[in-house]
Amino acid sequence: MKRRNQSSVAEFIQAGFSNFPALQEQLFGVFLVVYLATLMGNAIIIVIISLEQSLHVPMYLFLLNLSVVDVSFSAVIMPQMLVVLSTEKTSISFVSCFAQMYFLLLFGGTECFLLGAMAYDRFAAICHPLSYPMLMNKRVFMKLVMFSWVSGVIVATVQTTWVFSFPFCGPNKLNHLFCETPPVLELACADTFLFEIYAFTGTILIVMVPFLLILLSYIRILFAILKMPSTTGRQKAFSTCASHLTSVTLFYGTASMTYLQPKSGYSPETKKLMSLAYTLLTPLLNPLIYTLRNSEMKRALMKFWRRKVDMHTF
């Protein structure tokens, strides 16, 4: 941000859904419900996994980290969006925009690597069940979690600092819902070609490399499942993988369409909807995906609920 004093822009004006003024109130209601449901759903997962000792295994501890990322994603975006929808204050300061982009990239990068680590965990558990305690011991788990978070920090630091090193001399209308890299970059008063090459290459490495690893893991898992003699065993294995695959498809599909597209690929309104898909829908649906399809999570949830009821009864 060292070149900020060369810029005449002190704040950005967020267009949001200004093209649909009649829908502002309804959208505020919808997004408020989505935000509260996201916070509640992920908080329940965090609390249950933290309190239930039987869930202190890599599969569920990865899920706990994923829920922390999803809650953080929503907290970075939703409060500012709700302010824009409910008041006439559509501006965001230069510093706040920097912070919003930084944390979006941090949590987005971390989620990419966490989903990859979760795929490796399922691969080790299903394809090498006898060696699983060694392949996914506490040290390996901690290394994968730390690598995911540190990678997110590095991606966010490099990319956000580079974006905001460009001068912004006007216009300052951000035709987007929040400070995401592509729409902010469109307002820079400089040649951003070199950065765009870096960003495209970096995105391929950050998004597509973990995705390819996930894909390869599941190809191996599929062959391993098909070789299982027991129908019950196959169903259980498919069930534990289905939740993760659904989450991966939702997150990677929409994120890659946002960051791996040409500038003129989609209209601004389409880009807004795609951004909402991976920043709001994924955090909202992950708790449902991982609890409704997982018998152990449902048992732990019922156990927690009965415990709360018993406490109130006595």
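Each position is counted from 1, following the chain as shown.
Using the three backbone atoms N, Cα and C, a Cβ is placed for every residue, glycine included.
Feature annotations, reproduced from TrEMBL:
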TRANSMEM  27-49  transmembrane segment
DOMAIN    41-290  domain 'G-protein coupled receptors family 1 profile'
TRANSMEM  61-82  transmembrane segment
TRANSMEM  102-120  transmembrane segment
TRANSMEM  140-164  transmembrane segment
TRANSMEM  197-225  transmembrane segment
TRANSMEM  237-255  transmembrane segment
TRANSMEM  275-292  transmembrane segment
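The transmembrane segment (197-225) makes contact with the transmembrane segment (102-120): 3 or more of their CB pairs lie within 8 A, with pairs spaced 6 or more apart in sequence.
Residues 59, 62-63, 65-66, 69-70, 72-73, 76-77, 136, 144-145, 147-149, 151-157, 159-160, 178-181, 206-207, 210-211, 213-214, 217-218, 244, 247-248, 251-252, 255, 278-279 of the same chain sit 6 or more residues outside the transmembrane segment (102-120) yet have a Cβ under 8 Å from a Cβ within it.
For the domain 'G-protein coupled receptors family 1 profile' (41-290), the predicted model reports an average pLDDT of 83.
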